[in-house]
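To keep things clear, I will list the structure first and then write my remarks on it.
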Ligand SMILES: Nc1ncnc2c1ncn2[C@@H]1O[C@H](COP(=O)(O)OP(=O)(O)OP(=O)(O)O)[C@@H](O)[C@H]1O
Ligand SMILES: [Mg+2]
């Protein structure tokens, strides 16, 4: 099966900063591909390369087997890659239906004028939201009156409606509570069942484990590799995500310091306490 | 699958909740209060007469034309503090081009040339703001000084004065000046321009795809760009529109008076912002109403003209304007918060 989207040896440099180095990754239709890694690992940079915000410095992206270049977010969108950003998903003061169609307004011709078809927008927004289980009373109500999970859901519904083949979600659950996250995770699965390839970025290994089929772990711009769910355990994944080996090394080091030199450790502690209690 | 009835799904939304979604709600309340106040305080001394009404409508019209464009620009997330100086520049330019001693052109031709120049300045404003990434507040503040300074400089260089007068003949010769000075149904041309500009721009904002882009570009430019809104084009167009509105106001003033003054339009930029804010525009962009800006202009004009009919000293006008702005913004803020309460 040809992957929906494939990265071969993709690197991205910002001046001297190496954000991504030689990344290989394949996303297939009908799978949830989780992208994991610590802060600064390069996850956002990777999806920005996929969504047309950045162009890779080296390497090539393929879509359904064909090499592609995404010149702008709009370009990627037109080619079927929709991205839902955690914070930039919606304009809170704008109505649900206007948000839903922002940038791709439905048009109707009235005489010589091309108008925004508000009635159509309202109807579609309501129907599409209903399909994912949210019954909005009034598509004219501002998005700001929806809860965080519902807002994410509007963004996902929008991407699905506009025929996205690949849906990229950058930490959609990071600001959400347990219930709200569950709502969003449900739509991720729904999108996958509809045959989309979903790239799901998260820091939460439980969320990743709940919906993911495949996992790619990034660390300092490099890939630790891709694992199928059958091939790994949750604990292994967690270790890789947190840079487990480094953590272990650090624990040992701290332990050593404490054992070898209790006086220094105590002094450091004392000094820190003094600093804290100083006025100003 | 259970079929639900239309009625149940569309549970009625109360009229109040619908009204709360209108940015201009607060300004309508303000209009009622201000009109009521002057109707009581000055109703007996001519405020309510046709002449009194015409008076404040004319003042409102000039400010309103400007405010309509400024409101759109604010909804698009930008400011233009140079728009007042632009009026002065456009007025003097038009006057010099048409003056028998200098340009000698028909006034309508001067208007077209001036409009072209204004659009260029508007484009430059927008380009500079987007290019530098600096707040438009700062960029257009600089432009305000540059325009008004250059205006005085050039005008003195050409005419040795800061006033260009004696346009009466060239105005009389040009039938098109009627479009700016005439009257229809007892109302001066300026009022018709105001109504026209307000209705057209409000229609653009609410009924066209471009209007949706304006909200998007102002509300969150990055998000809007990511979903494909041509944010640059939208903002530059709005800067050009604002400069064009300044030119229309300049044309009304020059053709009405038969002269131009380099100080014309001074301070109008802030009055237009005030009208827009009273009308529900957010300083941070992405929210507001053109109709509201029109109502805001009307409120300011009623205060300015109404005070003449009362015993209150004119010096207090600015105090009242300041109070109006504060009151309106606090009210608008409160109403918006109400409308944003989670409803589901
Ligand atoms: N525009 C840029 N210019 C310079 N450096 C950048 C730029 N964008 C990202 N980087 C750098 O690239 C690295 C990877 O950043 P990125 O945002 O992709 O990490 P991330 O995995 O998304 O982290 P987080 O989990 O915190 O969101 C970081 O070191 C960051 O400083
Ligand atoms: Mg990130």
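Any Cβ shown, glycine's included, is placed from N, Cα and C.
The feature transmembrane segment, as given by TrEMBL for the ranges B:216-235, B:316-335, sits at B:316-335. Of the candidate ranges B:109-130, B:136-155, B:236-260, B:236-260 contributes the most Cβ pairs within a distance under 8 Å of the transmembrane segment (B:176-195). A contact between the transmembrane segment (B:236-260) and the transmembrane segment (B:109-130) is present, since 3 or more of their C-beta pairs, 6 or more residues apart, lie under 8 Å. The stretch with the most CB contacts under 8 Å to the transmembrane segment (B:136-155), chosen from B:25-49, B:81-97, B:109-130, B:272-304, B:316-335, is B:81-97.
Sequence-remote contacts of a segment are chain residues at least 6 beyond its ends whose Cβ falls under 8 Å from one of its Cβ atoms, and for the transmembrane segment (B:109-130) they are 78, 80, 82, 86, 89-90, 93-95, 97-98, 103, 136, 139-140, 143, 147, 176, 232, 235-244, 246-247, 250-251.
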